[in-house]
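These notes are about the structure you will find just below.
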Amino acid sequence: MNYKDTLNLPKTDFPMKAKLPSREPEFLQEWESNNLYQRVQQKRSGKPKYILHDGPPYANGNIHMGHALNKVLKDIVVKFKTMQGYDSPYVPGWDTHGLPIEHQITKTEKVDRKSMSDVEFRKKCHDYAMKYVEIQKEEFKRLGVRGDWDNPYLTLSPEFEAEQVKLFGEMAQKGYIYKGLKPVYWCTDCETALAEAEVEYHDKRSPSIYVGFHVKDSKGEFNEEGVEFIIWTTTPWTIPANMAIALHPEFQYSLIKSGEKHYIVATDLLETVAEEAKLGEYQIIREYTGRELEGIVCQHPLFDSRESLVILGDHVTLEQGTGCVHTAPGHGHEDYEVAQKYDLEVLSPLNDSGVFTEEAGQFQGLYYDKANKEITQALDKRGALLSLSFITHQYPCCWRCKESVIFRATEQWFASVDGFRQDALKAIEDVDWIPAWGEERIKAMVMNRGDWCISRQRVWGVPLPIFYCQECGHELITEESISAVAELFRQEGSDAWFEKEAPEILPQGIQCSCGAKKFSKETDIMDVWFDSGSTHRGVCAQRQELAWPVDLYLEGSDQYRGWFQSSLLTAVATKGESPYRECLTNGWVVDGEGKKMSKSQGNVIAPQDITNQYGADILRLWVASSEFKQDVRVSQKILKQTAEAYRKIRNTARFILGNLYDFTPEKDYVSFDQLEEIDSYILCRLQKVIDQATRAYDEFEFHEFYHLIHNFCVVELSQFYLDVIKDRIYTMPTESRERRAAQTTMYYLLDSLVKMLAPVLTFTSEEIWQYLPGDREESIQLTDWPEVNEELVDNELEQKWANFLEFRKEVAKALENARKDKKIGSSLESKILIYADEDLFKKLQSFEDNLEELFIVSQVELKKAEQLTETVKNQALSSEDVEQASIIIEAAQGEKCPRCWNYHPEVTKAEELCPRCSHVLETSNK
């Protein structure tokens, strides 16, 4: 007889192979056609809000692994909070203005900017941005990210631009906006100012020169002839703009004699300077403090008509150089700041393209970087060059064109951070920063930053809503003018600024304080960081489903100097507080060896490659498994490991589903007090897992959740509980309490597990959900997070089983050793004799009726340690001495039952059933 037909073997249509790359798009289509996002929001309507505000990615190019990591993290947070019962909408957004898009249009798409009007060029930029909004939108959706994709926010939308203008106006009305001549980062290739966050650093080879500035008037400090202050610089091109030499007031400076010349150098740097500047032998004549040398006048080394004043500054250090700092107020922030105290001219003899103007004298017409050679030669010719060498160092470069950038003083519009710096620092303290070091990082940045240069000399952006009186040149930024511009942008978009003249924009009758009524428009646009820094106002404060302030900002760690800061500054300036309560950062995605990904290195992995090869759920599981607050590694090896972990979780779910094929919860559910003890134990463990998982999600420790759930599925379920109950669920009568109890337990386990997995394995959890028996919500995304059932928590029971499982490990080792020694094949071929000490004997006695099932062997005898004899040991197949017991393995008595495969003394011949199986078949219909 074929006894297989009498067993309750698992059966399910749930596929063993996930086939995620082909299956996941079907789910996406299903969710979209069912309006799942709207249904989730409807269900949570009226509940407490939890708002994660999406930092806008830039609408340029396909998404990369950094985007994928960040977007999936956000999706995990939002889905978890929604399942917890919060109204947690997710409104994705895009940053759509700025230089990178202009650069793509002119450089990549070969558009001749000069052949078209501003409006025509802006139309091309608009279309380019919208093209990539759509491309990135589909790529984000493919990752399983749930959001209001039909209604994202865009910084180019008229409504957003209007709110941005109003925010600017409020800052202006509070006196925070001004125009000034200051050095700012300037890209000569893109011909515009840059924000600090738009600057990258790359290696560059630069000249390193030591130059002598001849003393013209020592103010009576020394009588020696031919005294020179030595400066060091790696930017010879800035020397034409030199106005001063800065010393530290407290440092010691030495007047030395070398040959026929005398030099002034910081005492602590003498040896280094003497060697590098090739001064040769020298003797110290006397020493001064920097303060004593203030006011000395030097001759400019290039121009006879110019002088260089010795001034004092606390920014001077002894880390490198000479302690005498070449100061060009038009080409350095610290130079500018210290020069203001001495009322020095801010000279910047370069045009927008980086070419020297007539103010540079003989160097007029030279590109600044090419002028290094000419200037060095001129210094040498005039006897001012002491030495020339070359160094490779980190140098600021434009984030878009990758060309070197310079500090250049130009007239720009600024936001005066000094006006609200202390309020910003206080607001930082009110935010919960994760990791905690983020607070000190952004504090230091805000404390030490200069004023914010908010103007850009481009056209693709939100225009600065400023007018100029044509009579007196005075700026017009009034509440009335701002309202007019904001309303115009709301109705027609910011293109209207470029299409209309000032009289068509301004209200009739508006006039300057001088009485004039004719105005012209500002031609600069706003910094794109002002765009994205306004999203809390233009999006969160405007959209009904959102709120202000929001609960969470979650972006890469580079945003401390970017979006976190620009958002904080605009919010504090206008509302006096931070726009976010909590700020969480993720690290960079690097390759398997921890190296930065780059096309030249050939180590780039794209999200599209992962979804096509493995599926989005594998990428999502990789995200969850990562300690994302640090840099996160990804490689084919890591992805294969993640796919293997996924397979084990999926197989656990499939095994359970296979054994619920005839289980209807409403009809077959066994009450908790009727469960077997092992069932109660595993459900107790489940409650602990739910508690720990909830805490891990709440604290954004997703990698802890990953390890917790993976360990529970693989070790506690697959390797223990589900393995142990196979005999019960396969061989016991279909309707028996014992079998239904196991099914009830498995059902409860999987129902809770799949809910905990839902924020991470968004596709697979939905697939499992559709196969789970019983009445349930149409989508798992409409369900609630599992809560701890205190009725199932039993700490004494948990400890009892924990102790047993420790001993079970020893039994498993003994069986494995016997298997390795070829003493047994299957563990069911074994009989185990346990000779235990008094304490262990008592503990095992309470399990005595189930030890065969728990050890998955055919027979077990529990004896006291003193009953063990050498004869027993010698006759055994194998024996192991462990703490508190000796484990003896013998061949099982009797023959194998053809139905349950257990050996039984009463089975003496082939095809003979054991007593249990005989009883089952006699009392069942099988």
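Every residue number used here counts from 1 along the chain in the order it is shown.
Each Cβ is built from the backbone N, Cα and C atoms, and glycine gets one as well.
For E555, the entry in Swiss-Prot reads L-isoleucyl-5'-AMP binding site, with the evidence type sequence analysis. Per Swiss-Prot, ATP binding site is recorded for K599. Per Swiss-Prot, Zn(2+) binding site is recorded for C897, C900, C914, C917, and the stated evidence type is sequence analysis. Marked as motif ''HIGH' region' by Swiss-Prot: 57-67. Sequence annotations record features per position, and here Swiss-Prot assigns motif ''KMSKS' region' to 596-600.
Taking the features listed in Swiss-Prot, we show where each one sits on the structure.
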| residue | record | contacts (Cβ under 8 Å, 6+ apart) |
| --- | --- | --- |
| E555 | L-isoleucyl-5'-AMP binding site | G55, N70, G562, W563, F564, T585, N586 |
| K599 | ATP binding site | none |
| C897 | Zn(2+) binding site | Y903, H904, V907, E912, L913, C914, C917 |
| C900 | Zn(2+) binding site | D727, Y730, T731, C914, R916, C917 |
Tell me the residue counts in helix, strand and coil for the motif ''HIGH' region' (57-67), as DSSP assigns them. 3 helix, 1 strand, 7 coil
Per DSSP, to which secondary structure element type does E555 (L-isoleucyl-5'-AMP binding site) belong, with helix, strand and coil as the options? strand
When a 10 Å sphere is centred on the Cβ of C917 (Zn(2+) binding site), how many other Cβ atoms does it contain? 22
According to DSSP, which kind of secondary structure is C897 (Zn(2+) binding site) found in, if we only use helix, strand and coil? coil
Suppose we draw a 10 Å sphere around the Cβ of C914 (Zn(2+) binding site). How many other Cβ atoms does it contain, all chains included? 24
In terms of DSSP three-state secondary structure, what is the assignment for C914 (Zn(2+) binding site)? coil
Compute the mean position of the Cβ atoms of C897, C900, C914, C917, which form the recorded Zn(2+) site, and then list in sequence order the other residues of that chain whose Cβ is within 8 Å of it. T731, P898, R899, W901, N902, H904, V907, L913, P915, R916, S918
